[in-house]
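Presented below is the structure to which this report refers.
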Amino acid sequence: MENVTTLTPLKQPIVFELEGFHIPPGYGSFLFFLALLNYIVVLLGNGVVVCVIVIDKNLHRPMFVMVCNLVVCDLLGATAVLPRLMMHFLTGEKRMAYIPAIAQAFSVHMYGVAVQTILAAMAYDRYIAVCEPLRYHAIMTSARLHSCCALAWFVAVLCIAVLFGFHMNVPLCGNIIKHVYCSNRAILSLACSFTSAELLLCLHAGIFIIIAFSYFRILHASLKQSGDSCVRSKAFQTCASHLVVYVLYEIAAMIIILSQRFPSASHNIKKFFSILFIIIPPTINPVIYGLVSKELLGEKQFSHNSAHRVIKS
């Protein structure tokens, strides 16, 4: 199938063809096995996290509810890309109809935005726990917790819906997507005229400011506890794992951006870098969540010490 080079808009039904990876003969089955193994690890790792949180009543706390929401994000992102990628490796199938392509792009962007909004909600929770230990349970009630989680998902859905709503009817003059999965940017690159998509950048900047402000206040409050190294250490511990998760996503996103700045680099390498944020964080995060559980199991003692110190002072 050849790319359409004229400016004549395509008519429905549009069938996209993903450029995909260049797979040397005989390597398809091996790559399929690696993708399948990665997907199984993601499903098992995140599934175990959810089961442990649901079964252990000691973990029925705000932070772990938010961790469950992050698990859903990880499963959404991996499921949106990896099964289709496995089919590509095993059968060489590259064609994708318009509606499935839009659904995949929507899911991938939902994954990326919802992860950030939920991490922002987690930053807010940590801010209250460290800076307002006496009022934590009064502020972070069950209703407030579910409102925070619902707001995180609502903001993500709204932004992606608005983004796709603006571009849904943009005339397309090409059908070859030079990528391994469909995204808003990849589809808009086929538009007959230039179309900008700045909404995601603005949202990303806003979430970064919220998270940076929250952890700055946490750091400031922790350093003020100059006479209580235990409280300060626990404050750092309860926030470190969440920052690692956020930084992990940011590094993966930065690798995608930087890889596009080197036109001489192999196309397969660029495409591999572009799926790192889909395959790496969902695989590593269950380990990080395990560290979070160890830290937060001692959170009651931490909150008690913090409150006791506030009362003394």
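Using N, Cα and C of the backbone, Cβ positions are placed for all residues, glycine too.
Automatic, uncurated: that is what TrEMBL annotation is.
According to TrEMBL, the features are:
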type: DOMAIN; residues: 45-289; note: domain 'G-protein coupled receptors family 1 profile'
type: TRANSMEM; residues: 30-55; note: transmembrane segment
type: TRANSMEM; residues: 62-82; note: transmembrane segment
type: TRANSMEM; residues: 102-124; note: transmembrane segment
type: TRANSMEM; residues: 145-166; note: transmembrane segment
type: TRANSMEM; residues: 186-218; note: transmembrane segment
type: TRANSMEM; residues: 239-260; note: transmembrane segment
type: TRANSMEM; residues: 272-292; note: transmembrane segment
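When pLDDT values are averaged over the domain 'G-protein coupled receptors family 1 profile' (45-289), the model yields 79.
Tertiary neighbourhood of the transmembrane segment (102-124): same-chain residues 63, 66, 69-70, 73-74, 76-77, 79-81, 84, 96, 148-149, 151-153, 155-157, 159-160, 163-164, 168, 181-184, 186-187, 200, 203-204, 207, 210-211, 214-215, 242, 245-246, 249, 253, 277-278, 281, selected by CB-CB distance under 8 Å and a gap of 6+ residues from either end. By number of Cβ pairs under 8 Å, the transmembrane segment (62-82) is matched best by 272-292 from the list 30-55, 145-166, 272-292.
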